[in-house]
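Lifted from Swiss-Prot, the feature list:
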ACT_SITE  113  active site
ACT_SITE  250  active site
REGION    251-255  region 'ACP-binding'
ACT_SITE  280  active site
């Protein structure tokens, strides 16, 4: 059987770093208040000339180089983002042009913070269906440009960045010891769409709008939804939390991460945390955390890695991958 194996990984961050203390002159907050409630200490903010496309292209180049490939080897460019450069054409097409890719196809996918999980799952389906051999999967965001910088409950939470992986078709044996994606589960529930959303768009207000969030409601639902979809992945494979080498969750809030790991009985030392230095980068969150753990040597070939995310909609999902 065909498996989708991670061949390469890369990331990119804006130059500017904004620390918690930098917010003290903008809104009524403090470093202590932010750290206690979120675990965030700093985040990267896009500056002039830095966009979702430029960050996504930089991460993509790094992933292709890490894979030992050329841009011409890529069949599909799949970008998860909620902050595209333009309403259309797709920012994935712009990245395709930046990389000099003239074959295959490219499109954007939008599932907010769950976007990268949705994108990996979609890429896996294209690979196993024979429509693509190598897929560039990117999560890239510039959430700083949809924030209300007078709202202290949201402006301190988010950052900008991009991460990317190259997925490649490989022969597997149908075993959980195979390298590649072993299971993926996605969910959504539109009944919660007004708990986390942007209050504008081309079809309604003809404006970009700002991010709005009912933080307590999001927190209340997050842990249960995350653990439910992860347990479905365990059930599909016969694996358990004890088999997990690394848990790479969406980096939204350390309290949510800690509560999810505890409910799943995943040891703290197996959890990859980057929310302290990146903040919530939405669809870029999981690939940025993955890239960090690969670069520092924690995630190694053969490791069983659990990815998960939850975002506006609500959308949520999980992926089990043998590295």
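Note: Cβ is positioned from N, Cα and C throughout, glycine not excepted.
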Could you tell me the mean pLDDT over the region 'ACP-binding' (251-255), as a whole number? 97
Assigned conformation of residue 250 (active site) - DSSP reduced to three states: coil
Tell me the Cα distance separating residue 250 (active site) from residue 280 (active site), rounded to the nearest angstrom. 8
Using DSSP and collapsing to three states, where does residue 280 (active site) fall: helix, strand or coil? strand
Distance between residue 250 (active site) and residue 113 (active site) at the Cα atoms, whole Å? 7
For residue 113 (active site), which residues of its chain lie six or more apart in sequence with Cβ-Cβ distance below 8 Å? 250, 252, 280, 282, 283, 285, 309, 310, 311, 312, 315
Reduced DSSP assignment, residue 113 (active site): helix
At a 10 A cut-off on CB-CB distances, which of the active-site residues 250, 280 has the highest count? 250
